[in-house]
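Annotations per Swiss-Prot:
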- 407-482: region 'Type E motif' (REGION)
- 66-100: repeat 'PPR 1' (REPEAT)
- 101-135: repeat 'PPR 2' (REPEAT)
- 136-166: repeat 'PPR 3' (REPEAT)
- 167-197: repeat 'PPR 4' (REPEAT)
- 198-232: repeat 'PPR 5' (REPEAT)
- 233-267: repeat 'PPR 6' (REPEAT)
- 269-299: repeat 'PPR 7' (REPEAT)
- 300-334: repeat 'PPR 8' (REPEAT)
- 336-366: repeat 'PPR 9' (REPEAT)
- 372-406: repeat 'PPR 10' (REPEAT)
């Protein structure tokens, strides 16, 4: 018994991750490989350390695993994945004639919630009803999570209504479920019914309102949360800062900044620092964004990307390019596809075509990143803005991806600025082909012909618009122009 207690203490010690093989060896040396209790603990620790391979190897040598061991394996795969393995162990347990208990079903339901196919979950729910475990509160919470994660809010509501006691966890699941399925009003109604709310409840509701374009209501809810004495956490900060920037409510954003500094959130979470950099970039204060960036003790690729892109948006492309160079020179963080989109935008705003071409090649050759449609679009925009419209056109025609409306729009705008009517006509006609239902493109083409006095062509465009039952409407094209 003493050796078992010692091994249990070792399993729950501070250095367990590095000592798993040593602890396992102790277990074998003292002939405890038949102790299902110890083995279940060992497998549970493997799961908490995301080491499912080791757990599986240990399980494969157990001659007579009991429900404790199977529960540990089911929980291990519910934590680490793949979730289908949990169901496999559940099936194996049943085939051996081992009865499941209440500790079997909670992780099993969690695994079912992770699967996109609800059929498995419904089978488990049926099993729960047959065995009577569905009456247990924590099991019902798992069933609610199963249905909310699968968007089956009717089924979730039925289980929720049957619960005599509902804790904050199940309320949060229902609110998030309704909001994620598009019924924000229902989610808000439930939120207002809650007698006790957690910070998770507030964050879920604020985020859901913002996602459906109701930023003003989201901010009002945040203010109500503060008035009720809740302190913002990481998720609150990351959610509310973009809302503050979108609404132009700088005082709120600065208050959140101050709170994040004093509470330690800024120090503890890279995401908070990134959100602050983004907030100040979107608010037009690149100096404050840079100060936050430099103050961050740890930075990831998002940190660099946010400030590089923010430099372009704020008309400081040169600074953004220098920042990119510093990132590469430092070498701690590798750039990704978004990094190059940001720095190419910086090149575009500063007219540095050659540097942009160099970076475009660097992305694929040195960093082995695949150029996406957005990167080709950035190159077209770079050449077009710099007046190198013939190069831009050749690039468009020879690139391996299909040109989209934004690319042809960039070229068209540049052609009109530089008086290249012939190429402008080609670009406008391509826009009409890509977006035949966008009346703004027809108006652009018609105006081009009108400026050249080609009235027969103007009439052809108008006839085509009538044929396609299109009317002139403002704001449909990304290119500004006078109407026909």
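Cβ coordinates come from backbone N, Cα and C, glycine included.
If you look at the structure here, what lies around each of the features I listed?
Distant neighbours of the repeat 'PPR 1' (66-100): 36-37, 39-41, 43-44, 46-48, 50-52, 55-56, 59, 107-108, 110-112, 114-115, 120, 124, 127, 131, 133; these residues of the same chain sit at least 6 beyond its ends, with a Cβ under 8 Å from one of its Cβ atoms.
Each residue in the repeat 'PPR 2' (101-135) gets a DSSP state, and the totals come to 30 helix, 0 strand, 5 coil.
Model confidence over the repeat 'PPR 3' (136-166) stands at 89, taken as the mean pLDDT rounded to a whole number.
Nonlocal intrachain contacts for the repeat 'PPR 4' (167-197), taken as residues 6+ away from its ends with a CB within less than 8 angstroms of a stretch CB, comprise 137, 140-141, 144-145, 147-149, 151, 153, 156-157, 160, 204-205, 208-209, 211-212, 214, 230.
Applying DSSP to the repeat 'PPR 5' (198-232) sorts its residues as follows: 26 helix, 0 strand, 9 coil.
Within the chain carrying the repeat 'PPR 6' (233-267), a Cβ under 8 angstroms from the stretch's Cβ atoms is held by residues 199-200, 202-203, 206-207, 210, 215-216, 218-219, 222-223, 225, 273, 275-276, 278-280, 282-283, 292, 297, all 6 or more beyond its ends.
Across the repeat 'PPR 7' (269-299), DSSP helix (H, G, I), strand (E, B) and coil residues number 23 helix, 0 strand, 8 coil.
With DSSP states grouped into helix (H, G, I), strand (E, B) and coil, the repeat 'PPR 9' (336-366) comes out at 27 helix, 0 strand, 4 coil.
Long-range contacts of the repeat 'PPR 10' (372-406) within its own chain (CB-CB distance under 8 A, at least 6 residues past either end) are made by residues 337, 340-341, 344-345, 347-349, 351, 353, 356-357, 360, 363, 413-415, 417-418, 420, 423, 426, 430-431, 434-435, 438, 441, 478.
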Report, as numbers and ranges, every residue of the chain located at least six residues beyond the repeat 'PPR 3' (136-166) whose Cβ falls under 8 Å of a Cβ in that stretch; write 'none' if there are none.
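Residues 102, 105-106, 109-110, 112-114, 116, 118, 121, 124-125, 128, 173-174, 176-178, 180-181, 183, 186.
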Which sequence positions outside the repeat 'PPR 5' (198-232), separated from its termini by at least 6 residues, show Cβ-Cβ distances below 8 Å to it?
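Distal contacts: 168, 171-172, 175-176, 179-180, 182, 184, 187-188, 191, 239-240, 242-244, 246-247, 249, 252, 256, 259-260, 263, 265.
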When you scan the chain for residues with a C-beta under 8 Å from the repeat 'PPR 8' (300-334), skipping those not six or more beyond its ends, what do you find?
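Apart from its flanks, the repeat 'PPR 8' (300-334) reaches 270, 273-274, 277-278, 280-282, 284, 286, 289-290, 293, 341-343, 345-350, 352, 355, 359, 367.
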